[in-house]
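Written out below as structure tokens is the structure these notes cover.
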Amino acid sequence: MAVNTAEYIGHHLSFLSSGDGFWAVHLDTLFFSLVAGVLFLVVFSRVAKNATTGVPGKLQCLVEMVVEWVDGLVKDNFHGPRHMIAPLALTIFCWVFIMNAIDLVPVDFLPQLANMFGIHYLRAVPTADISATLGMSICVFGLILFYTVKSKGFNGLAKEYTLHPFNHWAFIPVNFILETVTLLAKPISLAFRLFGNMYAGELIFILIAVMYMADNFALQALGIPLHLVWAIFHILVITLQAFIFMMLTIVYLSIAYNKADH
């Protein structure tokens, strides 16, 4: 059983990839992230197209609640023009939530379905792939730099990274190192927080599934309630992680846009 268990876990943690090493492209991550994005666009565009001023349907109510909630968060936390930030925050939350929610699909269902088409390795949760979360956080990093320059200009950006927190020319090297580390810590923490939580959640589902392979009937039976309890708890995890990624993005961009001089 030990060998079978190790092979089972290793199989479920293997990507469908093209290429080797650093340049390997995880095709399953790309596919499911695109599916999640398309699903978000289709649902929201359909609701917007069919929106009515009369009695709204359940889906329209849900979408309107999410939009108003996100818009309220942006209004409270981003002190600047929010015509771009609110749609960005909404997209981040919904996209990350949908990608996270794929983890609720039984661990063997999608790999076995893919195996019917000759695909032997498949990981369906994009946010459990560090390359995906790093890609999203790098985009946020680019927006941080963009809004910093837009708000303060290149001279303001240079002053911020050379004259803060110690406003003296002698501390320019120290200030630059401290501010650079602080800046780089933002996208890195964004990426690894989301990846770590989703990878751990995926691994726990796999370990619970391993219990069904046990020779002991009691251990097999124990897997059922454990699976149910973890799935219910994981709904909170996937929602919370999507919220945290969105909220930190809003806060980071608000700090970048802040015109107050240090």
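Cβ from N, Cα, C; glycine included.
For 24-44, 85-105, 129-149, 194-214, 228-248, the entry in Swiss-Prot reads transmembrane segment, with the evidence type sequence analysis.
Tertiary proximity for the transmembrane segment (129-149) is limited to same-chain residues at least six positions away from its ends with a CB under 8 Å from its CB atoms, namely 15, 26, 29, 33, 80, 88, 92, 96, 99, 123, 156-157, 160, 183, 186-188, 190-192, 194-195, 245, 249, 252-253, 256-257. If you look at the transmembrane segment (85-105), the same-chain residues 6 or more away from its ends with a CB under 8 A from one of its CBs are 32-33, 36-37, 39-40, 44, 66-67, 70-71, 73-75, 78, 124-128, 132, 136, 143, 194, 198, 201-202, 205, 231, 234-235, 237-239, 241-243, 245-246, 249-250, 253.
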